[in-house]
Amino acid sequence: MTFQNTREFAQQLDAQDELKQYRSEFIFPQHNGKNVIYFTGNSLGLQPKRTKQYVDEVMNDWANLAVEGHFYAQKPWWDYHERFAEPLSKLVGAKPSEVTVMNTLTVNLHLLMVSFYRPTKTRYKIICEEKAFPSDQYMFQGQVHFHGYKPEEAIVEIKRREGEHNIRLEDILAKIEEVGDELALVLLGGVNYYTGQVFDMKTITKAGHKAGAIVGFDLAHAAGNIELQLHDWDVDFAAWCSYKYMNSGPGNASGCFIHEKHHANKELARFGGWWGHNKERRFKMEPQYEPIVGANGWQVSNLPILSLAPYLASVEMFAEVGMSKLIQKRNQLTAYLEFILHEIDNEIQGTEFEIITPANQEERACQLSVFLHGQGRALFEYLMKNGVITDWREPNVIRLAPAPFYCSYEDMYEFGQILKKGIISK
Ligand SMILES: *Cc1c(COP(=O)(O)O)cnc(C)c1O
């Protein structure tokens with residue numbers, strides 16, 4: 001499609017947008033009486049209007065039923081999390097028994113590493129990406145320390161080549177082969193949080209397995225954003241947060257995937273709790289722990305129902321639309337944003353910014369990271385003051401994520417106009 005940098009053209013794309021009615025299903029912060037232009041759905045998704053009803057329902061059941069709500073609430077609490085299995089498994093390409101919801105992301109990655117990072121004297125190394133999300137870096141350090149290793153001997157980072165912003169697949173595969181027999185675990189982000197680069201999880205998983213390692217992914221920026229086929233790709237485990245693209249609310253619960261092939265393995269170490277125990281016998285309060293066969297067997301505590309309620313609202317919304325329609329719009333909307341950025345860059349003298357996210361659609365999703373050259377933090381602040389919510393990452397990057405559920409083409413056009421004014425008036 002040939003794009004045009006005009007309001008009429010953007011409005012025309014909005015009129016043809018199959019998902020356009022969903023924009024009005026979200027609550028936008030207001031700026032001068034208008035919706036803000038929201039580019040930070042990769043950090044905290046907007047609140048769906050239907051969410052409140054899900055939370056109110058739990059509040060009312062708690063008020064009216066108190067402890068009886070565990071079994072007699074409209075959606076009984078004792079197995080509330082099981083309502084996620086069907087819709088969530090579709091979103092991540094899994095079988096219903098392979099997914100569960102619990103805790104928060106970093107906590108879950110730690111719990112999963114209890115089972116899936118089992119270093120031996122000779123096989124103890126972890127491969128991760130250079131400049132992984134800080135929480136992941138701290139987690140790797142903590143895990144290797146816990147097992148008695150030093151980070152510098154056990155953690156192997158895949159580096160970017162000099163002058164390049166993204167990590168090459170060939171370099172990931174070469175590193176896996178190089179570490180070979182010493183490799184215990186490959187754990188990467190499915191989508192890099194900083195650049196928006198999407199990794200080829202299928203190929204990486206295959207290479208990791210060939211080296212005899214376990215392969216897991218942190219899907220914080222992937223869940224609700226990209227097509228995932230975790231089961232078919234033979235990924236061992238994965239976890240994601242739900243408050244980014246999945247719009248479940250600040251700090252909310254995490255989802256986990258554990259491949260079916262590990263479910264019946266009683267040898268796997270795990271940090272158990274009563275919610276992972278045989279469901280039929282849970283309330284018999286017996287001393288012998290018998291984990292549920294399935295991802296639910298990694299549950300620890302009874303679940304925070306008030307947190308799960310907004311997550312359920314969101315998962316049901318995703319199931320209603322389906323990832324393929326979201327991805328279709330995501331591709332066109334991101335491409336339109338890229339076009340607008342190039343148009344603005346062409347209109348002004350000198351290179352002011354550079355898109356560091358891969359230009360290839362296969363290697364990116366709903367995010368363009370823009371490295372500012374002639375500009376600095378002042379431009380970011382100008383955008384904020386003018387109702388454009390982006391985020392700033394040191395040293396000089398603005399991340400723009402036009403979430404397809406609620407961002408419009410006209411938002412992209414409008415953003416371009418504000419950006420141009422901001423650059424000219426610097
Ligand atoms: C956002 C994000 C996290 C956040 O972890 P929490 O435990 O939910 O605070 C972790 N990893 C990555 C890659 C992220 O992008």
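Glycine is no exception: its Cβ is also placed from the backbone N, Cα and C atoms.
For ASN302 (pyridoxal 5'-phosphate binding site), the Cβ neighbour count at a 10 Å cut-off comes to 15, with all displayed protein chains included. The pyridoxal 5'-phosphate binding site annotation in TrEMBL covers LEU105, THR106, PHE133, PRO134, SER135, ASP136, ASP218, HIS221, TYR243, TRP274, ASN302.
Proximity of LYS244 (N6-(pyridoxal phosphate)lysine) to non-local residues of its own chain (separation of 6 or more, Cβ distance below 8 Å) is seen for GLY41, ASN42, SER43, LEU44, GLY45, ALA220, HIS221, ALA223, GLY224, ASN225, given in sequence order. Taken from TrEMBL, the feature N6-(pyridoxal phosphate)lysine applies to LYS244.
With respect to ligand 1, the binding-site residues LEU105, PHE133, TYR243, ASN302 contribute LEU105, PHE133 as residues with a C-beta closer than 6 angstroms to one of its atoms, given in sequence order. Neighbour counts of Cβ atoms within 10 Å were compared across the binding-site residues PHE133, TYR243; the minimum falls on PHE133.
Counted within 10 Å of its Cβ, the other Cβ atoms near SER135 (pyridoxal 5'-phosphate binding site) come to 15, all protein chains included.
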